[in-house]
Amino acid sequence: MSPQTETKASSGFKAGVKDYRLTYYTPDYKVSDTDILAAFRMTPQPGVPPEEAGAAVAAESSTGTWTTVWTDGLTSLDRYKGRCYGIEPVAGEENQYIAYVAYPLDLFEEGSVTNMFTSIVGNVFGFKALRALRLEDLRIPPAYSKTFMGPPHGIQVERDKLNKYGRPLLGCTIKPKLGLSAKNYGRAVYECLRGGLDFTKDDENVNSQPFMRWRDRFLFVAEALFKSQAETGEIKGHYLNATAGTCEEMMKRAVFARELGAPIVMHDYLTGGFTANTSLAFYCRDNGLLLHIHRAMHAVIDRQRNHGMHFRVLAKALRMSGGDHVHAGTVVGKLEGERDVTLGFVDLLRDDYIEKDRSRGVYFTQDWVSMPGVLPVASGGIHVWHMPALTEIFGDDSVLQFGGGTLGHPWGNAPGAVANRVALEACVQARNEGRDLAREGNDIIREASKWSPELAAACEVWKEIKFVFDTIDVL
C-alpha cells in the first residue's frame, strides 16, 4: 500500500515508501486526557489489511505523506503524529471496521473548527486505499473545548431573555419559502405570532432575492414583531436570516437586525462556513442577539452510512463554533432521523456531560465543562397529532417548529398558531399531571380539541398524514 516515515533523526534518512502501520498503528498507546479522539467507520479496498487502512487514516489526517521525506528528521513525529490505537469490526457488515485515532492537541489551532476539520477530514476521505470512510464521532477534550466561546448565550439565558419556562418553545417557518413580497411576508409573521407562537423563521434559502430584498423583509418583520408583542404581552422573535455571499454582508445584516431591536438572527452554518459562523456568534454574544442555526446541506455530508460524517460530529462542531438553536430532525416528521441516534446527539447539544453509549451512537464520553448548551429544533413535516410524541421525545428544552402545520390550517395562519399552542399546552399539562404521552397522546389531543375549534379543525385536516419510511442511517 503506502508509506511511513522514520520518527527519529538519529535513525538517519532512508528514502522510499514504507507501510503506514509501521509508524501509525500503535495498539498499545494509552490515550491522553488532552488528545482529540476520532472514531472512523472505514471500508478498505480489497487486499488492504484493516491495520494498514487505520494507520493510513491516522497518517494522512496528521503528519504522514505517501513517502519518507528528509524533513521528518527536523521534528519529532512521535510527538505530533496521529495514532490508530484500536480497530474493531462492524457487526453485520463485511469488510467494515471502526478505527480509533488519537490526535495530539498541538496539531490544532485554538478556537478554530475550520482548522480542526481541515486536519481530520480535509484530505483523507479521497484516499484510494479506502473504498469508503465515515467520521462517526469525536471526543473534544476540555483542554480544547475551553478555547471556544461556544453558543452566544445558551439555553438558560435564552429562557431568561424570553421569560418563558417549563415548556418547549413553538416556532413556524414562513411558507411559501420563496416568492412572497416583504409586506405579505411580514403579515404572515404577525398572524402566526399573534396566534400564540414564540418564533417565526426565515427559510434557509431566504436571503436577498429580487422578489424580497433583505432590508425590506427585516423592516416588515420588525413591525410584525412589535405589533404582536403589544397585543399578546409575550416576547416574540423571528429568525432573520443573515446568511450572505460575503462575511461583510452577513455582518451588515446582523447589525441592522440589532438596530431594529430584533432578538434573534439566523445563519446557515454549513453553506455559510464555520469561519463565518464563529464570527457571527461572537457578534451575537457581544450585542445580545440570540443565534438560530440551520443545517442546510447536512444530508449531503451525513446521510450515507458508509461515507461522510455523522451529524453528531456536526452538532458538536456547531456547539463549539456557536449557536443557540440548531435543527436536529424530528424522529416523527418528514426528515431522516432514528429515535435513539437523534436523542444521542440531542444530549450532546444540551447536556454538560454525556457518557459513552454505543446504543445511541455515542462513541466517547464527552465533557463540555461549562460550555452553554444548544436548543435542538424539531422541524419538518410535523403537525398537531405529532405534538405528544415531540413533547415526550425532546422535552422542555427544545423548539418545536411547524411550518405547513401552522400555515396549512384551513382557517388561516393565526388559527393554525392557536391550534399548535393549545396542543402544546395540553400535552405539557397532561405530562405534568403524570399522564403517559406515548400511550395517551391521541386522547389528550382529542380532549383538548373539544374546547378549541382551531385545534379540532387542524386535527381533521391532518388526521391521516404520516411519513412512514425506513431510516437509512441506523446503528
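Every residue gets a Cβ built from N, Cα and C, even glycine.
Values in this document were obtained by computation on a predicted structure and should not be read as measured data.
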Record-annotated substrate site (Swiss-Prot): member among Arg213, Arg215, Arg295 besides Asn123, Thr173, Lys177, His327, Ser379: Arg295
Ser379 (substrate binding site) to His294 (active site, proton acceptor), Cα to Cα, whole Å, comes out at 10
Looking at the recorded positions listed here (Asn123, Lys201, His294, Arg295, His327), whose Cα lies nearest to that of Lys175 (active site, proton acceptor)? Lys201
Lys175 (active site, proton acceptor): secondary structure state under DSSP, collapsed to three categories: coil
Using a 10 Å radius around each Cβ and counting other Cβ atoms from all shown chains, which of the recorded positions Lys177, Lys201, Arg295, His327 yields the largest count? Lys201
How far is it from Arg295 (substrate binding site) to Lys201 (N6-carboxylysine), counting Cα to Cα, in Å? 14
